[in-house]
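Since the structure comes first, as C-alpha cells, the remarks are kept for the end.
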Amino acid sequence: MSCQLLPVLLLLLLRASCPWGHEQGPRSPSEEPPEEEIPKEDGILVLSRHTLGLALREHPALLVEFYAPWCGHCQALAPEYSKAAAVLAAESSVVMLAKVDGPAQPELAEEFGVTEYPTLKFFRDGNRTHPEEYTGPREAEGIAEWLRRRVGPSAMRLEDEAAAQALIDGRDLVVIGFFQDLHDEDVATFLALAQDALDMTFGLTDRPQLFQQFGLTKDTVVLFKKFDEGRADFPVDEELGLDLGDLSRFLVTHSMRLVTEFNSQTSAKIFAARILNHLLLFVNQTLAAHRELLVGFGEAAPHFRGQVLFVVVDVAADNEHVLQYFGLKAEAAPTLRLVNLETTKKYAPVDGGPVTTASITAFCHAVLNGQVKPYLLSQEVPPDWDQRPVKTLVGKNFEQVAFDETKNVFVKFYAPWCTHCKEMAPAWEALAEKYQDHEDVIIAELDATANELDAFAVHGFPTLKYFPAGPGRKVIEYKSTRDLGTFSKFLDNGGVLPTEEPLEEPAAPFPEPPANSTMGSKEEL
C-alpha cells in the first residue's frame, strides 16, 4: 500500500509548487489537458469534470450528451449527433454539442442526476444548475431544429399578407398565432409550444390587415395544412386565455391526416397522436377492389375527428407485426379492427359484413357506446402444457390455473424478444425444478404478446405475478431481484419479502416503441 501511495504524494507536492498551466515537460496520458484544449471528436467536445466549466464559459448554448460506451442506443445516436453538430457549425450557430462518458465521469453523472443513457441536457448562458432536459428527436435535423428554436425565434414575425402567404405556401403544416397584443401572456404560451412542435412551422402577427385577410375578429391560432380540410381554427378563450395543453392536443389532432397509412415513417406520429381509439382497415393494396374501400373509409373519418384515428394497414407490405398483434392473417383482409391504446382492448365487427362508409360508422359508434365486447387473443393450449417443471399458460387456460383456490401459482409474463426475460429464464427454470414436488405450488409462464387476459393488462416484460391459494382472486405483483434465492424466499413467505430486499429490476416496455421514437430509447444504469 505504501509503495502505491508514495508516487501520489510526490505528485501532489510537485503540483502544489507549480501554478496550474505552467508545468514543464510532457503530460502523461492520464493527466487532464490544459483548460484551453478541450478535445473534439467528429465536431463534438469531449468533456470531463475538469473541462465542463470551461465549456460552459466559452459556449452560451451547450448541448451535452451523457453516454456509455456499451450503450446500444448511444451508439445509434452517435452519427446523428455528429451530423447535427456539422449542420449547426455550417450555419455558424452559437450552439456547441458536447458529450460526457458517464461511467468514466461518475461525478458529473451524479451531479446532473443521470440514471439512464443516453441523457441529453441543454445549458444556457453558463448556467450549470438548471439545464433543460432534451426532449427532441434522435436524428440530425431534428436535433438541430430543436436547438434552433431555443437560440433563435421559435415563430416568424409576419408583417404583411405576402409574408404570411409565403410561409403558408412553403410548408405542409404552418401554425400562425393571430394576437392583437404581442405582449400578452397568451403569446408566451404560443411561443413555448412552438419550441417543441418541430414538425410544424410557426408564425406570429398582430397586424389588423392579416386578421381581416383570414376572416378573424379575435385572437386565434390557425393551423394551415395542404391536405384534408386545409385549415383548422383554435379561438383563444377570452376569459381563460390560451391553455398550452388544449392547444397542443388540438394541433396534434388536426395535423394528422384523416386517414393515415401505417408504415415506418408514420408509426411514431400515430402513437404520439394522443387519440386513444385507433380504427385499422387491413387491405391488400395490390388489389384494386381493396383500394376502392379506402374511399368509404375516408368518408367516415371526419365524423370521428379527435375521437378515433383512422389507419390503413397494407397486408402486402412489411406489417406482419401488426397482423400478429391483432391475431390476424393476411388472408383476413379486408377487415376492420379497433383498439384502445389505454386499455389495449381490441374490437372486431360482429356481423363481418362488407366494409362500407355506413358499416364503418356504425361499428365506431357501437364501440364508443360500449355495445361491442372486446376480444382476447389466445394461443391453443399445448397438449403437454403441464409436463415440464415450468407450466405453459395461454389465454384459454389462464383463469382455470391461476385462480385455482387450491394452488399457489407464480407466473412469469414474458415476450419472446425481451432480453430481461431471457436473462432470468435459468433462474425461473431452477425455481420450477426446486418446487416441482410441492403439490400446492405451480411455476408457470405466459407469452403476453400472443395471449391477452380479461383480468388485467401486461405493460412490461418480464412481469411476475403471484396468485395465492384461497378465495378472492388475490394477485400480488413481484417487484424484487430476479434470482433463485429471492424467488424462493418470496414463495416460502407466502408472497411477501422482508422490507430490506432489493428494489425491482428494469422491465422492457410493451409494446416496444418504434425505432425512431423519442420515447423508450434509453438504457438504464
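For all residues, glycine too, the Cβ spot is worked out from N, Cα and C.
Of the listed segments 246-249, 254-257, 522-525, Swiss-Prot assigns motif 'Prevents secretion from ER' to 522-525. Your range for region 'Disordered', going by Swiss-Prot and the list 22-49, 498-525, is 498-525. Geometry remark: Cys71 (active site, nucleophile) versus Cys418 (active site, nucleophile), CA distance 17 Å. In this structure, the C-alpha atom of Arg138 (site 'Lowers pKa of C-terminal Cys of first active site') lies 10 angstrom from that of Cys74 (active site, nucleophile).
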